[in-house]
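Peer 1: This structure is in structure tokens; I'll ask about it shortly.
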């Protein structure tokens, strides 16, 4: 909120880099990670569903802000629009005040004796493979969101239809997040198996996107991709607790996001470069899909993937015996 507020008084581009770019971006990161980690603590038996509901808010707000921001710009100018967005963001202060630590039975409310450390996570083989999974996934994940409109123009869609393709992809994203969380709460399979399935489906849909050479075909594939891409988001963050335990999820989510940002930064420029080299987005989408399928293979190597029980914090897990406890032993290196 402070970054957006200060940005409204900018007189030079550097001011916007520092306020809206650096300060607001840092604030978003500081909100996102503890929010998801807290959800895992509050709802250990329905972690995937709770995470799905929590992250679906991003899709709802994205759909709402899409038409709202042009209206604010036309009515109040860019400075007024930033002030109003800052006012909306300051509501996060009240929301953050509601995220309170939950007391554990028989444990004093003081700080845990064994604080999870980043060094332990950096020596934890399963976590490193999990983080690498999403470096690869993110290298392909954002390509349709960044280049989808240009692809729609490439197959002959006008501005209205190209915008409709992108809006449809964003609209079903939220539904996919909730649906995946609900399905993962079922006891039929482990959460990591659900995650593997959605990553594979998302990658396969990306491979099929070049087949959408008409408006109808592209819209159908975009709807499918948006749903599958949304579905893997809550399972990604809920899966962290399956790999390292809910008590270490906040540290692990933050570290994982730092790693996967490299994939996010790589994917869209690489897709654009391939488009420039080949004259078509076909190779760009094929490469993006290959990144996701490569990431899915790493999920197969994670402990517990082939186990039938939910493990720590899952539907059939026992939090008192799992690493969710403050007294959890340190992560062993692998």
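Residue numbers in this text run from 1 along the chain shown.
Glycine residues also receive a Cβ, built from the backbone N, Cα and C atoms like all the rest.
OK, TrEMBL features for this one:
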type	residues	note
DOMAIN	1-307	domain 'Major facilitator superfamily (MFS) profile'
TRANSMEM	16-36	transmembrane segment
TRANSMEM	48-69	transmembrane segment
TRANSMEM	81-99	transmembrane segment
TRANSMEM	127-144	transmembrane segment
TRANSMEM	164-183	transmembrane segment
TRANSMEM	195-212	transmembrane segment
TRANSMEM	218-237	transmembrane segment
TRANSMEM	249-271	transmembrane segment
TRANSMEM	283-306	transmembrane segment
REGION	314-334	region 'Disordered'
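I would like each feature placed in context: is it buried or exposed, what are its neighbours, and how far apart are things?
Peer 2: Away from its own ends, the transmembrane segment (81-99) comes close to residues 1-5, 7-8, 20, 24, 27, 31, 34-35, 38, 69, 72-73 of its chain (Cβ-Cβ under 8 Å, at least six residues beyond either end).
Tertiary proximity for the transmembrane segment (164-183) is limited to same-chain residues at least six positions away from its ends with a CB under 8 Å from its CB atoms, namely 48-53, 55-56, 58-60, 62-63, 66, 144-145, 148-149, 152, 157, 194, 198, 215, 218-219, 222-223, 225-235, 238.
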Peer 1: Looking only at the domain 'Major facilitator superfamily (MFS) profile' (1-307), report the model's average pLDDT.
Peer 2: 87
Peer 1: For the transmembrane segment (283-306), which stretch among 16-36, 48-69, 127-144, 218-237 has the most Cβ pairs under 8 A?
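Peer 2: Answer, by Cβ pair count: 127-144.
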Peer 1: For the transmembrane segment (48-69), what are the same-chain contacts with Cβ under 8 Å, counting residues 6+ beyond its ends?
Peer 2: 35-36, 39-40, 42, 81, 85, 167, 170-171, 173-175, 177-182, 184-185, 191, 194, 230, 233-235, 237-238
Peer 1: What stretch of 127-144, 218-237, 249-271 shows the most Cβ pairs under 8 Å to the transmembrane segment (16-36)?
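Peer 2: Checked against 127-144, 218-237, 249-271; highest Cβ contact count belongs to 249-271.
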